[in-house]
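> Just passing along the structure, written as C-alpha cells.
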Amino acid sequence: MFIASSFGTQLVPCGSHSPFFMVVHDSNAGLGIGLTCAAGAATMLGGIISMYINPHNHKFTAGALSLAAGVMVFVSFAEIFPEAVILFHESGSFSEDHAFMMTNLVYFLATLLCMALDWGSRKWHARSRRIQNNKGGPALDSTPEEGSEDLDNEEDPHGVAPAAIALQELTGGLFDTSDATRDGNGQWRVSGISEMSTNSNLAAVEEQHADVAHHKLELLKVALFTAAAICLHNFPEGILTFIGTIQDPSVGVSLAVAIAIHNIPEGIAVASPILRATDSRKQALLWCFISAVAEPLGGVLAWMVLSEELSDDAYAVMFALSAGVMVYIAIAKLFITACHLDRHWSPGGFILGTAIMSVSLVLFRL
C-alpha cells in the first residue's frame, strides 16, 4: 500500500508484511508528532492575531474570510483533488480515467451533502422562528421567512443585511452607520433601507434586536461550518505530515511549513466571525483550538494504527470528500459572506489567498 502526500506526490511504502507499529520505534516519530503540533498551532496563531484587530472591522473580516476562501479553493483543486485521483489509480481498482471519474463523483457528493445540511439548517431556523412567533415571543418577522425573496436575494444570500439602522449603540457597532443621514423631521435615512424615527416604539426596537440576533447567528453558523471543514481538512494533513516525516524529515518539515502558512488565515476565518457574533475571545480561541487539534490527532492516529487499517481507496475518498467540503464552504459561506461585508476587499483577499498557497507549494517543490 502507498500513501500519497497532499502536497506533492511522496509515496510512502507500507507493506502488508511489515506491521505499521514498527513506525513507533522510528527515530523520526517524535519529530513527526512535533511537526503536526506545530502545523496545527498555526491555526491558533491565526485566532490570536484576530484578537488584536477590531472584530467589527468590516474590511478586516472580509479580507480574512476571502483570503481563507482563496487558500481553501486553491489547495483543494491544485493538490487535494489530484492526490485523490492518484490514490484511486494507485489502489489498482481503477484505471487512470476511471480514477478521475470516481474523484469527481465523490467530490460532488460532498458538495451535495453540504447543500443538504445547509438547506436543513435553514428549514430548522425558519421553524424555530415560527414557533417563537406563535408563542408570542419577540417579533422575528423582520428576518426573512423561509422561501421569501429576502432569503434568496442575490445581494444578500444569507439574509444578514440590516433591515434598519438607528443609533450605532443599538447594534453594538455591528453595522456601519456612516451612510446614515438625518432629515429635517429627525428621521434617520439610509440608502435602500427603510426610514426609522429616532423615537421608535418598543416594537421597532425589538425588530432591530431581532435583525442583529439573526445577523450574529448567521456569522456563528459560518464560523462553525468553517471550523468543521478545517477539522476535516486538518485530520488527513496530520496523518500525511507524520508519514512524510517518517520517510524523510526534510519532506515532513516542508509539508508542515506549507500547511502552517494556510492554517493561519484559516484560524482568522474561524475566530473573526465568532468574535463578531459573541464578542467572546474565549469562545473564539476554543473553536480555533478544536480546529487545530485535529492536526496532531491525525499524526497520533497514524503513529498508532491508521495506515495499516485504511486502503488507498479509503484515503482517496477522504481526500475527495475533503476537497468538496472545502470548496463549498469557501465559496458558499466564506466568500459570499466576505462580499456582503465588503465587496471591494473580498476579490483581492481571495486572489491573495490563492497566491499564498501557490507560493507555499512552489517552495515545497524547490
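Cβ atoms here come from the backbone N, Cα and C positions, even for glycine.
Just so you know, TrEMBL annotations are computer predictions that nobody has curated.
I grabbed these lines from TrEMBL:
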type	residues	note
COMPBIAS	143-155	compositional bias 'Acidic residues'
REGION	130-157	region 'Disordered'
TRANSMEM	29-53	transmembrane segment
TRANSMEM	60-78	transmembrane segment
TRANSMEM	98-120	transmembrane segment
TRANSMEM	284-303	transmembrane segment
TRANSMEM	315-336	transmembrane segment
TRANSMEM	348-364	transmembrane segment
> Determine which recorded stretch among 98-120, 284-303, 315-336 has the most C-beta pairs below 8 angstroms with the transmembrane segment (60-78).
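So the stretch in question is 315-336.
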> Hey, which bits of the same chain come close to the transmembrane segment (284-303), Cβ under 8 Å, at least six residues off its ends?
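Tertiary neighbours of the transmembrane segment (284-303) are 23-24, 29, 32-33, 35-37, 39-44, 46-48, 50-51, 223-224, 226-227, 230-232, 234-239, 241-243, 259, 263, 266-267, 270-272, 274-275, 278.
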